[in-house]
């Protein structure tokens, strides 16, 4: 039975004969069991919680429609929170007889979501289609591009020191600012095996679970926003330096996730969260330190400035601002939130400023940019 048929059945049974806008939860629950309706257990639990939030033990008809339609507004979540004392005390960890994939979905729920209500909702609502293809596709493309350039240059570490590397049409170089695609395509190029391995590992360990929970559109947008902010920030703050690597997008995802964990520390149930938080911060700081070292103290003779580290920091800023807003809005419409529009307007303002900077500032400031290879 689909959603429209279920709603039609509710109307036919006259669950709200006086048109009050409210339906008795016991009446509706009896209807579900008598007709053996395929309603997820998590939805039945939340139905009781919604009724508990009402003084008369009733559920608003519109909230019932939203529940069946898998829509959750801020008011819906507040009503659930007010009545969540009626939710079962046992968590998803007590679910018996799960297969390998469902256990993985449960693991993702506990890794990403901060409260049991959201975890149960995600667990029962999760569908395998569409799969998390964005992060997997980006990572695979980066690996293929790296292997192609490694074989061509016969160099697998510190590829940027090879004179032919900067001739790639994918690398961002300040002398090629007019080629706008380079502000994004630099994410497919990497300094060497060490940078590629670090980024690929984080993209798969953090990016894929985030994409499974929040969807390809939100996580893809966040990742690309971090990448674009990274190259534009370099063009403003380190005007002579090129940029390679997907660190802007990676740091946007990681900083958003870490900030979300910190802000919901008590509710996060991922094991060894303090140890993992410390290890993540150490690894991310070490990667930034390595990038600073290569930028200002290159270990090998180079024909020009080495890639900038500012993309890492720009990605982190995007993650803490835009990314945190996205991760805190699980199953909610972003366009209904004032904070989302503030963040989006701030990002758009930065983009406009960066565009005008790249058009006029280099000539006005007389920036000495080495000619592109």
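Cβ coordinates come from backbone N, Cα and C, glycine included.
TrEMBL entries are annotated by machine, without manual review.
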Stated TrEMBL location of transmembrane segment, expressed as one of 133-152, 153-172:
133-152
Identify which of the active-site residues 247, 312 has its Cβ surrounded by the largest number of other Cβ atoms within 10 Å, counting every protein chain shown.
247
Where DSSP helix means H, G or I and strand means E or B, what are the helix, strand and coil counts for the domain 'Peptidase S54 rhomboid' (179-328)?
110 helix, 1 strand, 39 coil
Sort out for me which stretch, of 133-152, 274-296, 308-327, has the most Cβ pairs below 8 angstroms to the transmembrane segment (248-267).
308-327
Cβ under 8 Å to the transmembrane segment (133-152), counting only same-chain residues 6 or more beyond its ends: which ones?
159, 164-165, 168, 170, 187-190, 193, 196, 199-200, 203-204, 207-208, 211, 216, 219-220, 223, 246, 249
